[in-house]
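Chemist: Straight from TrEMBL, here's the annotation block:
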type    : residues                               : note
BINDING : P32, N33, G34, C35, G36, K37, S38, N39 : ATP binding site
COILED  : 170-292                                : coiled coil
COILED  : 328-362                                : coiled coil
COILED  : 412-488                                : coiled coil
COILED  : 648-731                                : coiled coil
COILED  : 760-870                                : coiled coil
DOMAIN  : 3-1137                                 : domain 'RecF/RecN/SMC N-terminal'
Amino acid sequence: MRLKYIRLTGFKSFVDSTKVAFPEQMTCIVGPNGCGKSNVIDAVRWVLGESSAKNLRGDAMTDVIFNGSTARKPVSQASVELVFDNTERRLQGEFADYNEVSVKRQVSREGQSVYFLNGTKCRRRDITDLFLGTGLGPRSYAIIEQGMISRLIESRPQELRVFIEEAAGISKYKERRKETENRIARTRENLERLTDVREELGKQLAKLQRQAASARRYQTLKAEERRLRSELQALRWLHYQQQCDRVEQELTSQEVELEKWQAEQRGSERGQTELREQEQALQDTVEQTQAQFYQVSSQVTSLEQDIRYQRQLAQQRAEQAATYARNATQLAEELAAEQALCDELQGTGEDLQQQLLVAEEQSILVNEQREEADMRYQDWREDWQSLRDTQSQLTERSAVLQAERRATTELMTQGQQRRQQLADELATLQHQDTKALDVFRSELEQQQALLEEANSQLAQLQEQQQGYEQASQTLQQQEQALAGQQHQLEGQRGSVEHLLRSQEPQELPALKAWLEQHPSIGVLRDFLQVPNEWLAATETLLQHWLAAPVFSEQPSQWPVAVDRPLLAFTPGLEWPTESLALQLGAKAQQLALLQGVAVATDEATAKQLLEQPEWHTVALTDGRVLGRGWVLGRPDDADSQLVWQQEAERLDAALAELKTQRSALAQELAAHQQVQAENASRLQQVQQQVNTVQQEVARSQERLLSAERDFAREQARKVALEEEQHTLEERWLALMAEQESIEQRQIELEQDEADYGPRIEAAEQRGETLQQQLQSAQQAVVESQQQVHRLQLESQQVQSKRQHLEQQIQRLKEQQERLAEQRQALSQETDTESEVLLLEEQLAEALLQREDVEQRLLLEKESLAAVQERLGVLQKGQSAVLEQIVKQRERVEASKLELAASRERGHALLDTFNELGVSLKDVLANLPEEAEEKKWQQALDTCSSKIAQLGAINLAAIEEVEAQAERQAYLDAQHEDLQASLDILEEAIKKIDRETRTRFKHTFDQVNADLQRLFPKVFSGGMAYLELTDDDLLETGVTIMARPPGKKNSTIHLLSGGEKALTALALVFAIFRLNPAPFCLLDEVDAPLDDINVGRFCRLVQEMSESVQFIYISHNKIAMEMATHLVGVTMQEPGVSRLVAVDVEEALAIADAT
């Protein structure tokens, strides 16, 4: 697997979409400092899952987004995509069959980071899992940036171990072990919770068994009650049947009497029927005559209205003719006025056209004058520029002479300094004698004394360090003990929280949806501050309300489906001194639920309070709650939510105290560890001092041996210095002569510059005059153009007004024509006087016809009144008969009602039998002969009294006992399963540990062997090796020891920067030999190396490139020559990085420049 290319968009300085391709095994990225080369390395690290902005050289993750430049605006997001060639099938899992694998990451200004695998959105965990075991990762050994070399070689043992683990491919085992440990922790937590639930379930089961026994006793008594009730109802049914038989006999005789009166009433009704038929015939005749009368009256009214309309119409036509005459006169006057105004505007337009021609000729003349002034100004500009160029040339020549003068002065200064150095050195050599040897001997003795003192101080510090380590171990043990207590309390807290949550009922779906739309601020028990003396009474009173959700204010509408209580705070309530709310804290005083609830210390006081109208409930200190005619007892403390709430608060306080203790202990431990670290630092410093003094002693011995040889060489050097001093004297005199020549030429140039000054001033004054003339001409052109434009506008306005008047004149002529047509039409309409005479004749005939119909109507109404009088006499005679019929019917109905009531009672009793689930026939068959209603009622009352004495019965307890027993069996099985799972997980941990130890030891040995082979190859000798800091292969750290040729250093920290860099590279390449990552990124790792070591580094990279793809950043020309592909990065536009084509020669030029 190899990296094909990187695509960057908006990432740091790469604002534009940039594709960086890597077609070869060795690619070198070159460019000047600060152009954005290292941003390519940061992009790879970022895509592979880096979550620390500090490791990306930023303060926040959004710092990777391009933040704008002087010419560019900031962008809203950054994205980087890595495309891998997977033809070798290095990647495993679902992506093993893909030839190309794309990994992409995006981040927005809001800090939202998104990952993609082959274009599909995924998690950061998926990216990490994809590269597990491949050596790739945000902080793996495959990415080595500036400064990481020294951090790698000087890293702590545990940090160095990470690189060995990644090479061994056990990072996935560590991940699995971490997951397994988390599962073990969750399993143990579930076991603790399950144990608490099983204990609680045992208590509930015992309680349910007692309730089930009471329920069975209740069922027995209830069956006896149903038998007695059914037999009692049977006795009552027999009584109602006898009563029905008696009422039926009375009803038969009453119905015979009613039939006699009804026959008499029917005879009277026949006479009335004949009279009603006569009445109906007369009524029809009266109605027909009445309708004819209404028709004639309507005709008379219509004729009168027509006459009035014709007279009004004649009057309107006369008025309209007069209006037409007035309008014709007005239109003629308006037409004459408009025609006169139009003629006047035509003359004004001709005058404006003449003025416009004159203004245009004047504009052409002024424009020609402006062009002449512009040409004179341009000629002056050319002359003035020529003078300025000549002056600039003189200034440049003067600057050149000044530079030559400064260079000569600098050479003279350097010569003077060198002369002084030679003089000082010669003076030193002249005074030097054999006393220098005595100085070296004295220095050696002093250093040996310092070495003895440092060794003594080192032994003392080592003894102190052992004491500090023992004290730190003791503090750590105390911290672990506190951590165990904290874990135990957190488990108890979780159990209490579980018990509290178990008291909260499950909501209906509709209520649950309503609560999601209207979130509460908590449950009631969270807002109560209950003193111990009122704890039991509060639990008794509010046991169904303690888990109720509470709202800060009344909702606009409560839900319809409510299966649990809901509460809302009501601020501003007033509370008497005896109120329970005053005992429960400030929040309780906003609950209208507690209004009317008082507190009392004894029952007598409570009864006195209940006599007052404002109190309906009183809470006692013994846990009882009294009302008017009722009392509630104290609940079981095991089920008390407030007790559990107090226990939760106690545990929270204990946890807070433990955390405070742990924090104090941690601070003490940190302080102790800081002292220990400081002592260790001093110990290391003293150790380094001992090593340094030892080295100084060796060097002093060498200096003492070579002192005599040095003395002889210095005498020879004295002769050479005297010769160099003579040469410098001669050069000094030559420089003095050259300095005088330069000063003379400088004076001549200054004179020429002074001559050009007045000429330029005169030219500038003439230029100002010409510029003023040009501005005046330009102003005249503008004014002329404005005059032409104004006249054009006025001419257009006059033309527009004239056209508007012509249109208005045309409209007035059209109105005259329409008015003439209307007057002609009005004169042609017919005369209405003849129509009025005809309508008056028809009205007279209609009045005569209406009078005749009215006489006939009066006669017919008199005949109808006579028939109605005879009918009234018959109806009065029938009233007495009807009265008797009504009375008899009332008696019949009373008997029927009594019969129906008896039958209804009997049927009601039959419904009772159906409710009791028995048959009347069976009850009557088994009814004892001695059964009496009074005796059976007494037996039923006795049975009901026994049932009432049982109190509240939980009939569901029988089924709940079975259900809870099944649940207990299920929980027992769950406990066994969890315990078995825990054993399996612990065995898995052991297996992972065995595999980790094996892989780590094997990898460590191989890396150590490769390091021992590579180090002598890199340094042309010497030795290096890895060591384990502990025998436990799971926790041990790794240290590195390196001794270049000719050195016997006791620690790697004594190596130089270049030696550390080569040692780190040897270690990295040793890891690569074992588990080559797909590619390796190197960011200027050759910076601390000289040319010889760079050559060694290049040979090592070339050897490794056969199996590993290298992408490196370098300014070294030797490293550039090694690359098979170059990528150039430039920043021609400030703040924006771009790629450029680079060849080897150009790259070498860039390297030389930097």
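Note: Cβ is positioned from N, Cα and C throughout, glycine not excepted.
Give me the lay of the land around each of these features.
Modeler: G34 (ATP binding site) falls within neither a helix nor a strand when secondary structure is assigned with DSSP, and so counts as coil.
Remote same-chain residues near the coiled coil (328-362) are listed as 784, 787-788, 791-792, 794-795, 798-799, 801-802, 805-806, 808-809, 812-813, 815-816, 819-820, 823 (criterion: CB distance under 8 Å, separation of at least six residues from the stretch ends).
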Chemist: Might you list, by sequence position, any residue in that chain lying six or more from C35 (ATP binding site) with a Cβ less than 8 Å away from its Cβ?
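Modeler: Listed in sequence order: S13, V1129, T1130, M1131, S1137.
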Chemist: An 8 Å radius from the center of the P32, N33, G34, C35, G36, K37, S38, N39 Cβ atoms defines the neighbourhood of the ATP site; name the other residues of that chain inside it, in order.
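Modeler: After dropping the recorded site residues, what remains is S13, G31, V1129, M1131, S1137.
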Chemist: Across all chains shown, how many C-beta atoms besides its own are within 10 angstroms of the C-beta of N39 (ATP binding site)?
Modeler: 20
Chemist: Please name the residue among the binding-site residues N33, S38 whose C-beta has the most neighbouring C-beta atoms within 10 angstroms.
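Modeler: In terms of Cβ crowding, the pick is S38.
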Chemist: If I restrict to non-local contacts, at least six residues apart, and a C-beta distance under 8 angstroms, what lies near K37 (ATP binding site) in its own chain?
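Modeler: Long-range Cβ contacts: I29, V30, G31, D1083, I1113, V1129.
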Chemist: Between the binding-site residues P32, G34, G36, where is the Cβ count within 10 Å the lowest?
Modeler: G34
